[in-house]
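Quick look at what TrEMBL annotates:
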type    : residues           : note
BINDING : 218, 265, 336, 561 : Fe cation binding site
């Protein structure tokens, strides 16, 4: 492999790494990201190329599935996990200081792995793992109203490999801990240094009414307040939208009983409102089908073009409290909200989301599909909705909550395809310009060449300028500035995490910080070296300025989400 070349931008005095010219090779195996690699419980120093900014000091936490095959050496039996969302979790920690990078990792579900070895099956309710038929028949009757997890048990009995969160204080004493969230109502608290699982926690520990089995992996945070929902299924379906703070105090803002039970991974927030979008991913039999099938995927209803998406708009303020309005739109499915805010001109609510035409991608995430190069995110599109005329207060007693039609402002093209999106922290829930995320470039060989063993979930990182999206009708196509994309044929990049440059008090007083005044941290699989690498990209230019490489042959299984802790 040709060595990268270091260039200097004379205007910014930032060194950029120019990657070598590389030709796509059919022997590259991108499915390596779905295979096991050993955990590293002790810190290992990575080799740095280029220059990591001196101000970049802190810890990048990441988590995701890592184990898909569980082998019992005593019996010789192997249990294969069949869906990406059921892979056993591994937590990752990159510590960056003085230009050096140290990495350590730890499997987060050791006790669950031992149970799988003992039983030769995945116990309990899963996302898509199909149980033994006899186990399904008998256990469904006995677990109908039991919680999915025992929060007082071994904390590694839960595979929590979706979203690392900082600043949670479940019991008033664990604010310094890192919390791993999933779409079930159980969180795993891990040690910030060793990543060892320490405790399990449920929202029911904050409020007994928050006892339902499902919540979003992505709580909406504003300062010290967090917003989420809890879904109770069964004879009566209830969404409880609630707020809690970093001391563990919680209160329910609204209870919704007229929505179908659905898989909802994220929600929206603005200055005055929480918006719960019940997009279509409905669970049959009021959710009780999950208990029969012992997994969520088989309990999903078929796609129904007549079932609209419902947006529930809820006041953030308890003194007003409750549901203020409902909006509907044509059906879609989504994992991730991009951002949301109130229009400063007319007060309408703007919702940006990475949307899919239906929920078929959940089936596309079975391991047989992704390992054979089937790309599940081809159909994702940026969609913007406008909710106009939202009342500021809920209706008075006896008055009905009004339902309006949401305006679809635009649906993005292939060039704005984005997943795992994020924005600068200081413009979250506010008008903003830039969004960052993973991307799949249109008409690229990695999507079409089926001679590649190319489970390329993504092939690039994109920086989208929303001002172009907003003014797209008035700007001639020939004059539209391109969105910036960073990519290389031999790389499979994961979610970018934006870290803004720390500023002096004088700078803070002088002006608002630009949304791209910082770097993006990206973990990517390198198919040439069969290893992984942490890339540092200049957020303004989307050029590489440095990287920290793992030894050849050492890779990180594809993870999901990350969080930056600049306090350490």
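Including glycine, each Cβ sits where the backbone N, Cα and C put it.
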Quiz prompt | Residues within 8 Å of the 218, 265, 336, 561 Cβ centre (excluding the Fe cation site residues themselves) | solution = 162, 163, 216, 217, 266, 335, 337, 420
Quiz item: Including all protein chains shown, what's the count of other C-beta atoms within 10 A of the C-beta of residue 218 (Fe cation binding site)?
Solution: 20
Quiz item: Which residue, of the binding-site residues 265, 336, 561, has its CB surrounded by the fewest other CB atoms within 10 A?
Solution: 265
Quiz item: Under DSSP, is residue 265 (Fe cation binding site) helix, strand or coil?
Solution: coil
Exercise. Let me know the DSSP-derived helix, strand or coil state of residue 218 (Fe cation binding site), please.
Key: strand
